[in-house]
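Enquirer: Questions regarding the structure given below will be posed in turn.
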Amino acid sequence: MNKNSSNTMALTPNTPNKRETVCIFGTGDFGRALGHKMIQSGYPVVFGSRSAQTSSLLPKDAEVLSHAEAAQKAAVIIIAIQRQHYNFLAPLAEILHGKVLVDISNNLKINQYPESNAEYLAQLVPGAKVVKAFNTVSAWALQSGTLDASRQVFVCGDDVEAKQMVMDIVRALGLTPLDQGSLLAAQEIENYPLQLFPMWKFPIYLSLGLTAFFFFYCLALDVIYPYIYENKDFSFFIAISIPNKVCPILALILLALVYLPGVLAAIIQLYRGTKYRRFPDWLDKWMLCRKQLGLVALAFASVHVLYTLVIPIRSYVRWRISSYTVSQALNNKTSPLDITNAWLSDSYVALGILGFFLFVLLGITSLPSVSNNVNWREFRFVQSKLGYLTLILCTAHTLVYGGKWFLNPSSYKWYLPHAYMLSLIVPCAVLVVKFVLIFPCIDKPLTQIRQGWERNPRYSA
């Protein structure tokens with residue numbers, strides 16, 4: 001009777017002036033860090049340990065008792081122990097009946113067990129109210145206070161009141177709880193910390209593949225070809241010249257690939273005449289990683305800017321300038337300024353500067369700290385309208401830079417076009433299709449479809 005009474009009282013909402021005692025099973029790194037953070041937040045903390053002796057590593061204001069004694073002092077018990085050591089909880093089932101058990105464990109690999117650790121804990125102690133939480137926060141972040149990157153805490157559980165108590169604790173620690181539903185979501189929550197940049201895999205693999213292709217493509221045309229046919233050694237181009245070609249090419253192609261899935265989605269919706277059918281899986285995944293594609297593209301553009309800034313101090317460039325100057329002096333002839341080339345040079349540099357400026361703006365607005373402070377319409381304006389303007393400027397920058405070589409037969413070594421010509425295929429295709437999509441005769445039905453109109457209502461099912 002006393003046990004049930006104490007549990008009922010413990011499950012009542014905490015008062016602002018007094019917080020309920022929290023028990024932590026486990027005195028490892030995470031248990032100690034979490035206990036220290038809770039004491040700072042005003043929670044009385046009692047540790048349950050195999051050895052009921054105070055350690056210098058534990059917070060000095062915390063009490064250390066045996067597992068059974070510690071469990072009796074709190075309604076919320078945080079299990080900071082690995083799954084393989086849960087067996088000691090079975091003999092404590094009667095004491096833990098009605099208690100809130102917070103499972104914070106993680107595994108060594110994704111889907112390591114048939115059921116989640118939290119579900120296994122619920123089976124082991126059937127009378128307890130199991131909640132999954134805190135597994136996405138690291139002990140180092142709790143100790144150092146650098147929680148900006150891991151402030152969100154996923155919480156799930158079958159008991160609404162118990163889950164609310166845990167979420168109150170999460171908020172009291174200065175973290176943000178995210179309710180993920182019932183305990184069935186525990187396995188997904190446990191898999192989350194084990195995923196290594198899941199949304200970055202496709203952008204990184206794609207950029208690595210394109211980098212390798214264009215690097216060897218430029219190597220063949222700029223180094224191997226002159227060596228074979230002209231007996232000239234331009235191997236030093238590998239250090240700066242070739243990377244300075246590859247980086248802008250990758251930046252332009254990846255930027256175009258950010259907007260290509262949106263164009264493809266519009267075409268699919270027009271073809272189907274409805275928005276109530278799922279896109280293909282490959283397109284869904286592509287659209288989900290557009291932010292990462294854009295950030296990788298920005299990284300390549302930034303490297304291109306740095307490479308461009310060092311061009312005047314390169315030995316090869318200084319040699320070409322001095323040779324040209326000496327040649328003019330020996331011939332006693334000064335070449336007049338070519339106004340057309342001057343315009344082209346200044347134009348492509350100006351277009352590059354403006355394009356890079358907007359590129360950086362897109363990158364800044366994609367940061368959570370910035371995007372959370374703008375409304376949906378403002379974010380869409382920057383990412384869509386200014387994004388397409390960025391793509392136009394960067395494409396124009398490339399066209400103005402090398403447009404004069406399109407019809408020059410000598411530029412096609414081994415009958416292959418310059419690498420920059422290949423880089424224009426995807427962005428030009430995206431811009432042309434987007435230009436067609438904004439025609440009123442196409443934009444109007446597309447807008448109606450996105451507002452819920454269907455050409456054939458049977459697809460609504």
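In case you wondered, yes, glycine gets a Cβ from its N, Cα and C as well.
Grabbed the feature section from TrEMBL, which reads as follows:
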DOMAIN    21-107  domain 'Pyrroline-5-carboxylate reductase catalytic N-terminal'
TRANSMEM  204-229  transmembrane segment
TRANSMEM  249-271  transmembrane segment
DOMAIN    249-383  domain 'Ferric oxidoreductase'
TRANSMEM  292-313  transmembrane segment
TRANSMEM  347-365  transmembrane segment
TRANSMEM  386-407  transmembrane segment
TRANSMEM  419-442  transmembrane segment
Enquirer: Hey, which bits of the same chain come close to the transmembrane segment (419-442), Cβ under 8 Å, at least six residues off its ends?
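Expert: Result: 214, 217-218, 221, 245-246, 248-249, 252-253, 255-257, 259-260, 263, 266-267, 270, 388, 391-392, 394-395, 398-399, 401-402, 406.
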Enquirer: Treating G and I as helix alongside H, and B as strand alongside E, what does DSSP give for the domain 'Pyrroline-5-carboxylate reductase catalytic N-terminal' (21-107) in helix, strand and coil?
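Expert: DSSP composition of the domain 'Pyrroline-5-carboxylate reductase catalytic N-terminal' (21-107): 32 helix, 19 strand, 36 coil.
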Enquirer: Do any residues, 6 or more residues outside the transmembrane segment (292-313), come within under 8 Å Cβ-to-Cβ of it, and if so which ones?
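Expert: Cβ under 8 Å, 6 or more out: 199-200, 202-204, 206-207, 240, 243-244, 247-248, 250-255, 257-258, 356, 359-360, 362-363, 366, 394.
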Enquirer: Are there residues at least six beyond either end of the transmembrane segment (347-365) with Cβ under 8 Å to its Cβ atoms? List them, or say none.
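Expert: Residues 251, 255, 294-295, 297-298, 301, 305, 371, 374, 379, 382-383, 386-387, 389-390, 393-394, 396-397, 400-401.
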